[in-house]
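Novice: These came from Swiss-Prot, pasted as-is:
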type	residues	note
BINDING	19-26, 81-85, 136-139	GTP binding site
BINDING	THR26	Mg(2+) binding site
DOMAIN	10-206	domain 'tr-type G'
REGION	19-26	region 'G1'
REGION	60-64	region 'G2'
REGION	81-84	region 'G3'
REGION	136-139	region 'G4'
Amino acid sequence: MAKAKFERSKPHVNIGTIGHVDHGKTTLTAAITTVLAQKGGASATKYDEIDKAPEEKERGITINTSHVEYETANRHYAHVDCPGHADYVKNMITGAAQMDGAILVVSAADGPMPQTREHILLASRVGVQYIVVFLNKADQVDDPELIELVEMEVRELLNEYGFPGDDTPIVVGSALEVLENQDNAEKTKCIDELMEAIDSYIPTPERATDQPFLMPVEDVFTITGRGTVATGRVERGVLHTGDEVELIGMKEEITKTVCTGIEMFRKILDEAMAGDNIGALLRGIQRDEIQRGQVLAKPGSITPHKKFVGQVYVLKKEEGGRHTPFFNGYRPQFYFRTTDVTGSINLPEGVEMVMPGDHIDMAVELITPVAMHENLRFAIREGGRTVGSGVVTTISE
């Protein structure tokens, strides 16, 4: 059967399955594609196809992830599923697969388990704001009161990590039963309910072009008689000729200037938007006032900081990371957007050292300020090689 062409007219949302090992994340992913395929909104993907996830390299870190896509009447979804727990940790911290929302899969037969808790914590740390719960394996539970009990436990757990547990949609069903009874509407109903909950509860993310303008400066050069040009890829928002912008980072003070011209592929543009690689001509800026590592941004939209707390995954030796642990006061480089800045690390109380393969919260103080916001990703490097990957969880000052 010919594959239906995906219409890009629908809003796009990135989601993924999270939860404890063997609670049925991959089976559920297969069940969703199977049910939606019958409505023409997906191509059915079998369990084994999802389970043998290809290895991906993201910033040098090996992550196994499966990507499937499907659509409901209202939206187009890209869905990630990871086979192993370690893959989830890496995925969420590196932002390899950005999630706008998550489906937390909990086995109704077992209730919340250690990784259930850990994935909820990770989701809250890396800025996944919306979780919909699927209580799986309901066919293995005869007593409805047990299911209610598990539901209460899950809601309490979500509340504990700052999610609105009492308002979170919880759908009860059995993904395996769905796969075994594809033509039985009664058995597949739980998938319809789940997709309805996701459609209505997880909001459509703000498009990059609707956010305030920001462009990391990659290179700087002077055009005789015209002035200084900063080049880079617009990360978010839109820039128009004549817009006021701020130059932020690498020094304490913020420089205000005006963009007097935009070039792309040697053509003059009136505006540039998220994703464009451009050169921006800046009024009254000297060549030595601007450098790689700074950002051009809409005035007031982002500020420079030196101190922050980050959630970090430390690469294993096999991933090209360190062979030995590091201790308090370790001073690597922190790579933000386009540049390395040296910083020193403070480990949490009671933590003596960090081993390759660990993930940990750490307080960092940089030697020069960087334009940053919460959920910004960074890499930790030593002599040009990546030894860790992290996300800013809180800005300290």
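Indices start at 1 and increase along the chain as displayed.
Just so you know, glycine gets a Cβ as well, placed from its N, Cα and C.
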Novice: Name the range, of those listed as 19-26, 60-64, 81-84, that has the largest tally of Cβ pairs under 8 Å with the region 'G4' (136-139).
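Specialist: Ranking 19-26, 60-64, 81-84 by Cβ pairs under 8 Å to the region 'G4' (136-139) puts 19-26 first.
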Novice: Rounded to an integer, what is the Cα-Cα distance in Å between HIS85 (GTP binding site) and the residue listed as 'Mg(2+) binding site'?
Specialist: 13
Novice: How many Å lie between the Cα of GLY19 (GTP binding site) and the Cα of THR26 (Mg(2+) binding site)?
Specialist: 10
Novice: If you average pLDDT over the domain 'tr-type G' (10-206), what do you get?
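Specialist: The average pLDDT of the model in the domain 'tr-type G' (10-206) works out to 91.
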Novice: Could you give the number of helix, strand and coil residues in the region 'G4' (136-139) as assigned by DSSP?
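Specialist: Within the region 'G4' (136-139) the tally stands at 2 helix, 1 strand, 1 coil.
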Novice: Taking helix as H, G and I and strand as E and B in DSSP, count the residues of the region 'G3' (81-84) in helix, strand and coil.
Specialist: 0 helix, 1 strand, 3 coil
Novice: Please report the number of other Cβ atoms within 10 Å of the Cβ of LYS25 (GTP binding site).
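Specialist: Here the count is 26.
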